[in-house]
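Working notes for the structure below.
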Amino acid sequence: MQTHFINDVKELQHPLSAMRVSWYDGKPAWGMRGFMNDKVSRTMGYGILRQVRSVPNRNCGLVEKLAGYFNACEGYTRERFEDNTPAYSVGWKSAVDINDAQPQYIYYSQEALQGTTFYGTHDAYTGGGYVQTLNGSAEELHTAFTRLEKENWIDEGTRAVFIEFSAYNVQTNHFSVIQLALEMPPFGTVFPTASIQIVRLLNDADGRGSIVTLCEVLYTLLCIFLPLNELFMLFFDGPRKYLLSFWNYINLAIAAFAIASLVSYVYRQIGINEAVALFTATNGNSYIRLDRQRDLQLNFLAFLSIVVFFTCMKMINVLRFNRRIGLFTQTLSQSARTIVVFGAVFGIVSVAFDSALFIMLSPRLQSYSNLSSVAKSSIISLLGKLFATDIATVSHFGAENMQTIQTPSSA
């Protein structure tokens, strides 16, 4: 397993060989160090090769009758069972003082690596681990990987290997957070996963910075006004009267998610400013991770979407003076109980279908590896936008289930 992986890495001379900028004739493009081969994307610092390990005999056990044939067993990490020994000797032979260890055998915590938990197909892994940095020339990296191969740096205790780095595309003003993973569960095989997430973390790079800033200020003032207004209404009407109105609950939801989006935005802005400052101070030659900033941006967008959704609901109440909107509001009021019952039945049926698809397809298709992905695929199926070719290839019964879901939407 290690030999194949290391050989593939060495064959590329660099896991991120696309960063080695060259022209059409293969000659290096001088003055573009740190850029990727598309000539417009700049790496944010250097990447890392990280592995997560398990402790032998910690989350597993040997059968007593066969214990004499095996030295130890390896179990799943489940995050809390990961090996976080501060330092090892070469080849993972024994724990040593951190001052006597090679850099590749020193443990770095999730906080030190600025990482986040990775939820794979078979296990969950923290953002910490043992690291080989991916900086230096191609020859230096080739030498380093050759040495790691001889030392069995990847062995039976390795549960996952990650290649992680970030890049910035100046043409589109987007950051790419890339994570390539190889899960190596205890039963002895490899499951590859690639995660490439594109986020926009800088808003003032396209000539519309003043307009964006104005909108951000207005939204910030709105986020401050909404909870204050609800507190005033609660005090003015009294808790009993205030909580009897359905629309007050909508207002509370808008205020709560608006504050959550504002907090996410502020922490994201602080994080990206720190990353840009570090990048500028070191000329892009330091270790920079954008996982936390990416997650905060995705959280901000999710909270903002919820605010927009509840605001659209509130507009139904605000515009009820319109005859058509008023008629629509009365229809919803009269059929509220029926809608709730329908929603409950629909939810139960959807969960039943999703559970069946998850059981049948999770071992075979990455897009059905967890229940949330299955639920999203079912919703897409109801809209008639899903192609079931992959499902039919691995499971005819699963394809029939998807056809059952799609039939009402196409009728």
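A Cβ is built for glycine as well, from the same backbone N, Cα and C atoms used for every other residue.
Quick look at what TrEMBL lists:
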DISULFID  C60-C73  disulfide bond
DOMAIN    41-201  domain 'Polycystin'
DOMAIN    209-380  domain 'Polycystin cation channel PKD1/PKD2'
TRANSMEM  217-236  transmembrane segment
TRANSMEM  248-267  transmembrane segment
TRANSMEM  300-319  transmembrane segment
TRANSMEM  339-361  transmembrane segment
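Sequence-distant contacts of the transmembrane segment (300-319) (same chain, six or more residues past either end, CB-CB distance under 8 Å): 247, 250-251, 253-254, 257-258, 260-261, 264-265, 268, 325, 328-329, 332. Cβ-based neighbour count (10 Å, all protein chains) for C73 (disulfide bond) stands at 17. Cβ neighbours of C60 (disulfide bond) (same chain, under 8 Å, six or more residues apart in sequence): C73, E74, G75, P186.
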